[in-house]
Amino acid sequence: MKNYIKKKIEINKIKNACNLAAKVLEMIEEHIIDGVTTNHINNICHKYITNELKAYPASLNYNGFPKSVCISVNEEVCHGIPNEKILKNGDIINIDVTIMKNGYYGDTSKMFTIGNISNEAKNLIKITQECLYNAVKKIKHNENLSIIGKTIESHAEKYNYKIIKEYCGHGIGKNLHEDPYILHYKNDKNKIKIYTGMIFTIEPILTTGDGKTILSKDGWTVLTQDKSLSAQWEHTILVTENSYEILTLRKNEFFY
């Protein structure tokens, strides 16, 4: 358990990396428009991270991933490789940003929309964000870590959405992915406790379909098998003495 607890100097460095990751999502919003390619969006993010933030886009070359951010559109679940795909009216898009600064990582993702999207898409995006927020509110010292997955799945089930169970949240610090791993579904076998000083991500993925996935021929992009829509939101969270702090909270983000 001691390995999960971050020292003050580590917390400050992770906070900085997380703040920079949030800035990328704030910056890119005005560029998510009808007619641009996901590769164009990637290139803007890359230049901003390296030139303006003086940081490293941690997705780039991570286990061979070829781009600086993950961009997943519509039925793409996660790890979408930016390419020459043109974004269009009605699309829903997740952009996942990981930053490495001074040896420490920050990780966050956000849903974006273009033009008029369907009510089905609006509801999916809304409920997925609610799943994240509801789970964050459950975080407190000495609580069971499994409360996160229980909270997320219970809320998703109310609206007949499925959790994509293959992907989970994770500890973060000197490494992008560290223990403990955070399941987004009910799992009472996990007896790990939440303690002050832990930092981890919560990043639920919901779908309107049956929850089954397939891997694209590119070896990275994950899609829903039934081509149903998918949505994801992610924040990095610090457990404080009496509560929690969302390290990747964006300006003007209304946390409810």
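Cβ coordinates are placed from backbone N, Cα and C, and glycine is handled just like the others.
Those TrEMBL annotations? Automatic predictions, nothing curated.
Per TrEMBL, the feature domain 'Peptidase M24' maps to 13-241. Residues or ranges marked as substrate binding site in TrEMBL: His79, His177. Per TrEMBL, divalent metal cation 1 binding site is recorded for Asp96, Asp107, Glu234. Here TrEMBL flags Asp107, His170, Glu203, Glu234 as divalent metal cation 2 binding site.
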* Structure fact -> Nearest by Cα to Glu234 (divalent metal cation 1 binding site), of the binding-site residues His79, His177, Glu203, is Glu203
* Looking only at the domain 'Peptidase M24' (13-241), what is the mean pLDDT? -> 98
* Cα-to-Cα gap, Asp96 (divalent metal cation 1 binding site) vs Glu203 (divalent metal cation 2 binding site), nearest whole Å -> 10
* Work out how many Å separate Glu203 (divalent metal cation 2 binding site) and His177 (substrate binding site) at their Cα atoms, rounded off. => 13
* Asked: What is the interatomic distance between the Cα atoms of His177 (substrate binding site) and His170 (divalent metal cation 2 binding site), given in whole Å?
  -> 6
* Ranked by the number of other Cβ atoms within 10 Å of their own Cβ, which of the binding-site residues Asp107, Glu203, Glu234 ranks first? -> Asp107
* Excluding Asp96, Asp107, Glu234 themselves, which residues in that chain have a Cβ inside 8 Å of the centre of the Cβ atoms defining the divalent metal cation 1 site? -> Ala21, Cys70, Val97, Thr98, Thr108, Ser109, Thr201, Glu203, Thr236, Thr248
